[in-house]
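> So TrEMBL lists the following for this protein:
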REPEAT    86-124  repeat 'HEAT'
REPEAT    202-240  repeat 'HEAT'
REPEAT    241-279  repeat 'HEAT'
REPEAT    280-315  repeat 'HEAT'
REPEAT    319-357  repeat 'HEAT'
REPEAT    358-396  repeat 'HEAT'
DOMAIN    358-507  domain 'Phosphatase 2A Regulatory Subunit A helical'
REPEAT    397-435  repeat 'HEAT'
REPEAT    514-547  repeat 'HEAT'
REPEAT    558-589  repeat 'HEAT'
Amino acid sequence: MDSDDITPIAILMDELRSEDVQLRLNAIHSVPTIALALGPDRARDELVPFLQDSIDDEDEVLLALAEELGRNFEQYIGGKEYAHLLLAPLENLSSVEETLVRDKAAESITKIAAVLSKAQIEEYCIPLLKRLSGAEWFTSRTSSAALYPAVYDKVSPAIQDDLRKGFAALGSDDTPMVRRAAAKWLGPLLLKFSDSHILSDALPIYRRLESDDQDSVRLLTVEDLIAIAGKLKQSEIKEQLLKQIRHSIGDKSWRVRYMAATHFNELAKAVGKEITREELIGQYVQLLKDNEAEVRTAAASQIPGFSELLEKEVILLRIVPCVRDLSQDSSQHVRAALAMQISGLAPLLGRESTIEQLLPLFLQLLKDDFPEVRLNIISKLETVNNVIGIDLLSANLLPAIVELAEDKSWRVRQAIIEYIPPLAKQLGKPFFDEQLGNLCMSWLGDTVYSIREAATINLKNLTDVFGVEWSRSAIVPKVMGMGQHPNYLFRMTTVQAITIIMPSLTLDIVRSEIVESLLQLASDPIPNIRFNVAKSLEVLATAFGNTPEGKAFVRQRIIPVLEQQKNDQDADVRYFAARALQKAAAVET
C-alpha cells in the first residue's frame, strides 16, 4: 500500500486527536470527503471501525458525527446493503450523557432504518434495540424509545409482540427520564399498531404514564391521548378514555393543564363533535377560568377553533361569558392572546350577535393599557369588518383608531398605518378625506423613522386605491409643501415620499407638481438630502424614461442636475449622482 492511499485516514486520525476542538469538528465534517477518497471498500473496512472506536469527549464533536452518519452516509460505503454497518458507531453515540447527541444519534438510526430491508432490520436493528432497551445506564434506555416507531412496521408479527412488551417495560421504568421518552414516543408508535393492539397494549402503557407521579411525564401524554382517540371508535372513547381526558384537563400540575389547553382543538377533533358537545365544553370553560395565567393564555388561543365545533347558541351561552371575563383578565398576556383570537368568533356568531356581544369587547381591548393587546386587535379587524360592515365598524371603531394613531407605542402606530389602505378602500374617498386624510399626513412628521417610512408607503398604497387624480389634489401638494420646512427631517421625508409615490403617478403630474421642488432640493445644504434627491431622480428616470415624451423630459430636466451633482463636494452625493446618470443614460439609448 503506497503512502498516498494511507494519507486521508492518517490525517483524520491526527486531526481527531488534536487538542483544538474546532480542528476535530472540521475533521468530522470532512468525513464524507475522506470516505469518498478512500472508496467504498476501505471506507467500510477502515473508516467505519475507526469512527466506532474514536468516541470524543467533546459533545459538539459527537453531535457533528451523529449528524454526518445520518446524512445518506451509506452511499460512501457501498449503498443500502451495507448501511447496517453505520449502526455500531451510532449505538455508541446513543449511550452518551448529552441529550442532544443521543437525540441526533437516534434520529440518524431512524434515517438508516428507513433504507434497510426487512431482513437487515431483523438481523441488525432489533438486537441493537434490545441492547439499548435492556442496558444498565438510563441514557441507552432513553434513546431506545425513539427507535421503536422506526422499526415496528418493518418486522414480523412475532417480533412486533416482543417490541410491544419491550416498550411497555420502558413505560414502567424506574427512571423518570426513560418514562418521559416512552411518553414522548408512544404517540408515533401506536399509530403503527393494529386496532386490537391499541386496546390491548397501547392503552395500558398510556394509562400507566398518564397516572405517573412526575408531571414532566404526564404532560407528554396529552399528545398520546390525542393519537389514541384518533384510532378509537366513539363508543370506545366513551368507555376507555373519558376518565383520562378529565384527569389531564383537571391535573393538579399547571404544566399538564397547559399542555391540554394548548392541544385542546386537536383533542376535540380527535374525539368527535358528539363527545365534544357532551363532555368537553365544561372542561374547556374550566381551562378558560384556570387560576394560572399561562393556562388561560393557552386556552384563549384555542377559542375560534374550538367554537367552530359548537352551535351558535352554545357559543353565546358558554364561551362568550368566558371571553367577556378574559377581556378584563388581570394578566396582559391573557388579554393579548384573546385580542389575537376574538375576531375569529365574529363569522361564527353572525352580524347581530357580533354587534351586540363582541363589539363592546373590541372597543374595550382597543383601549387596553398594554400595547400588544391593542396591536393584536387592530391586526385582526378585517375579519370583523367582513361580518358587521364598514358603516358600523367606522362609527364605533374610528374614534378608537384615531386615538391609536397617536399611541405612545410606535409599533401600535405602525400597525394602524398598515391597516389604513384596506380600511380606506372600504370607507370610500369622501369619508376617508374627511376622517383620516389629515391623520395620514401627520405621520410623515413622526419622530420615529420607521413610522415616517411606513407613512410614505401608506401614501403610495392609498394612491393605488383612490387613483392618481385624488393623489394629485390630496397628497402631492401637502408632501411638496414639507419640502420648504426649516427642519431637514421634513425635507428628507418629502424626498423619500416622492421617491416611493412617483412610480404610481403620471408624467404630467410629476412635471407640473413635483419636479421643480425636487430639483431645488438637489442643492440643499444637507448632503443626505442631496444624495436622496439623486436616488429619487434615478427612480424618476427609470419609471418614465420608456416613452419618447419621458426620454425628452429626462434629457432636458434630469440629466443636467445629475451632471451638476456629479461634481458635488460630498462623496456620497457624487456616487449616487453617477449611478443615477448611468441609469438615465441607459434609458435614453
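In case you wondered, yes, glycine gets a Cβ from its N, Cα and C as well.
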> Hey, would you say the repeat 'HEAT' (514-547) packs against the repeat 'HEAT' (558-589), going by three or more CB pairs under 8 A that are 6+ residues apart?
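Touching, yes - the repeat 'HEAT' (514-547) and the repeat 'HEAT' (558-589) meet the threshold of 3 or more Cβ pairs under 8 Å.
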> For the repeat 'HEAT' (397-435), what does DSSP give as the number of helix, strand and coil residues?
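For that range the per-state counts are 33 helix, 0 strand, 6 coil.
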> Using Cβ atoms and a strict cutoff of less than 8 Å, what residues sit near the repeat 'HEAT' (202-240) while being 6 or more residues removed from its termini?
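Same-chain contacts beyond the ends: 167-168, 171-172, 176, 179-180, 182-184, 186-191, 193, 195, 247-248, 251, 253, 255-256, 258-260, 263, 266-267, 270-272, 274-275.
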> Should anything in the same chain at least six residues away from the repeat 'HEAT' (319-357) have a Cβ under 8 Å from its Cβ atoms, list it; otherwise answer none.
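Distant Cβ neighbours of the repeat 'HEAT' (319-357) are 285, 288-289, 293-294, 296-298, 300-308, 310, 312, 364-365, 368-370, 372-377, 379-381, 383-384, 386-389, 392.
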> Hey, which bits of the same chain come close to the repeat 'HEAT' (397-435), Cβ under 8 Å, at least six residues off its ends?
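For the repeat 'HEAT' (397-435), the nonlocal Cβ contacts are 362-363, 366-367, 371, 374-375, 378-379, 381-382, 385, 390, 442-443, 446, 448, 450-451, 454-455, 458, 461-462, 464-466, 470, 474.
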> Can you count helix, strand and coil residues in the repeat 'HEAT' (86-124) using DSSP?
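Residue counts for the repeat 'HEAT' (86-124) by secondary structure: 32 helix, 0 strand, 7 coil.
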> Take the repeat 'HEAT' (280-315) and count its residues per DSSP category (helix H/G/I, strand E/B, coil), listing them in that order.
26 helix, 0 strand, 10 coil
